[in-house]
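Q: Below you'll find the structure I mean.
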Amino acid sequence: MSQTEEKKGIGRRVQAFGSFLSSMIMPNIGAFIAWGFIAAIFIDNGWLPNKDLATLAGPMITYLIPLLIAFSGGRLIYDLRGGIIAATATMGVIVALPDTPMLLGAMIMGPLVGWLMKKTDQLIQPRTPQGFEMLFNNFSAGILGFIMTIAGFKILAPLMKFIMHILSVAVEALVHAHLLPLVSILVEPAKIVFLNNAINHGVFTPLGADQAAKAGQSILYTIESNPGPGLGILLAYMIFGKGTAKTTSYGAGIIHFLGGIHEIYFPYVLMRPLLFIAVILGGMTGVATYQATGFGFKSPASPGSFIVYCLNAPRGEFLHMLLGVFLAALVSFVVAALIMKFTREPKQDLEAATAQMENTKGKKSSVASKLVSSDKNVNTEENASGNVSETSSSDDDPEALLDNYNTEDVDAHNYNNINHVIFACDAGMGSSAMGASMLRNKFKKAGINDITVTNTAINQLPKDAQLVITQKKLTDRAIKQTPNAIHISVDNFLNSPRYEELLNNLKKDDQA
């Protein structure tokens, strides 16, 4: 394996880890928001103080949210059974440290117990006497839950207390030294290579929850989610950009600023690498502004939309919120404008920049691909048949795997029995939902009413999936998850010629 391939492999593993963390946190964002509303509205200094209703906030962040995260983590590993025992075992960590929201402990305990439950069943079920299945299943789960609850209380809880103390001290040191804005030097570039999931959901969310529980709000929720820096970049392209980049920047600005899907501005930065300076300085400005004004959110601002920022802003601090977003956008815009005005026009176009971002991330961007409408198709496979060694090596070679499944030749498949199409992306939320909505509209206009179109995360694809649509760099993961499905790769998730080809094939099969 070459050094370049090894680096790509490491990068993909890191991104997959970030995706897994995101899959535990993102489905529970609604619970975070509900808790945030209760805390913001009913506490003593809230919008509508109510002592009785305010008592809901404590148990929700102490018990409900960690248990939901643990359940999600266990379920990702071993379905419902893994989730239930994971949530049970996490009570040990929660009860041992009742004054600290155990989000980080839940993120560890959930997948761990789910994996142990899976291995326990694999060991016990083949050896279970006939007629004793229910007894063995229930008691094996109960005994594992009992053991891991005690282990959580006695072993993991002290470890979590130490880790949370170290992280909290580090954050407090940065805050007191007025150095927290420097975190943007790492966070803003990390967003471009899709490490923001690991940073935001793995570090900022649990630490922010701890701070919010103690102080009522946390600045950590604003570090990665501020839409200002990205807006500044897109505004600069609206005014100083040329060609495709300029014309697409308007729609991208709406999707980014109001929709909260930040990845749509990443290709614009990659077109001119000097623009990394603009997003870093914009991010630092936003953090510095919020630090100076003492601003913070009570719950995660997810997605990082201006609308979410407005809804989450604490009472009496709406102007502080606006100031942080405005100044971040202003600094990012000014720096980007200077760079675009006084540096050479890049040879790289928007499509190439999108491809570079996707290659750097090790996956296709499901929303950024709206920016380009390329009709590129790979060359027809010259050698359709391969030997056994080539097939076995395809697991390590994504391109070979895609060739084996004819993922870019829509006409190569039989669609007679298709009644469900799934859009799959990394997190399974915003971008895949947009793609699914677009295809549903196409089906409706074409009179195809008997095919369901849904969206999900790659690692939650059902084993009986029939037709899966993914971005090209994600397709190899989707194939490994659902090897019996038809897989279609697209270069442009929201604007691909393959959708028309799919519609034509579905109509033909329907008429036949």
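Every residue gets a Cβ built from N, Cα and C, even glycine.
Model, not experiment: these values are computed from the prediction.
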Q: Just checking the record here: does Swiss-Prot list ILE85 and GLN466 under the same topological domain, which would place them on the same side of the membrane?
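A: Swiss-Prot topology: ILE85, GLN466 on one side of the membrane.
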Q: Among the residue ranges 55-75, 202-222, 223-243, I'd like the one that Swiss-Prot describes as transmembrane segment.
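A: In Swiss-Prot, residues 55-75 carry the label transmembrane segment.
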Q: Counting only residues 6+ away from its ends, which parts of the chain sit with a Cβ under 8 Å from the topological domain 'Extracellular' (162-170)?
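A: For the topological domain 'Extracellular' (162-170), the far contacts come to 100, 104, 203, 206-207, 210-211.
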Q: Using DSSP, would you call CYS425 (active site, phosphocysteine intermediate) helix, strand or coil?
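A: In three-state terms, CYS425 (active site, phosphocysteine intermediate) counts as strand.
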Q: Across all chains shown, how many C-beta atoms besides its own are within 10 angstroms of the C-beta of CYS425 (active site, phosphocysteine intermediate)?
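A: Excluding its own Cβ, CYS425 (active site, phosphocysteine intermediate) sees 29 Cβ atoms within 10 Å.
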Q: DSSP says what for the topological domain 'Cytoplasmic' (76-139): how many helix, strand, coil residues?
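A: Per-class counts: 53 helix, 0 strand, 11 coil.
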Q: By a Cβ-Cβ criterion of under 8 Å, what residues six or more beyond either terminus of the topological domain 'Extracellular' (299-318) are in contact with it?
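A: Counting only partners 6 or more residues beyond its ends, the topological domain 'Extracellular' (299-318) has Cβ contacts under 8 Å with 26, 29, 32-33, 35-37, 39-40, 45-47, 205, 208, 212, 216-217, 221-222, 224-227, 257-262, 293, 325, 430.
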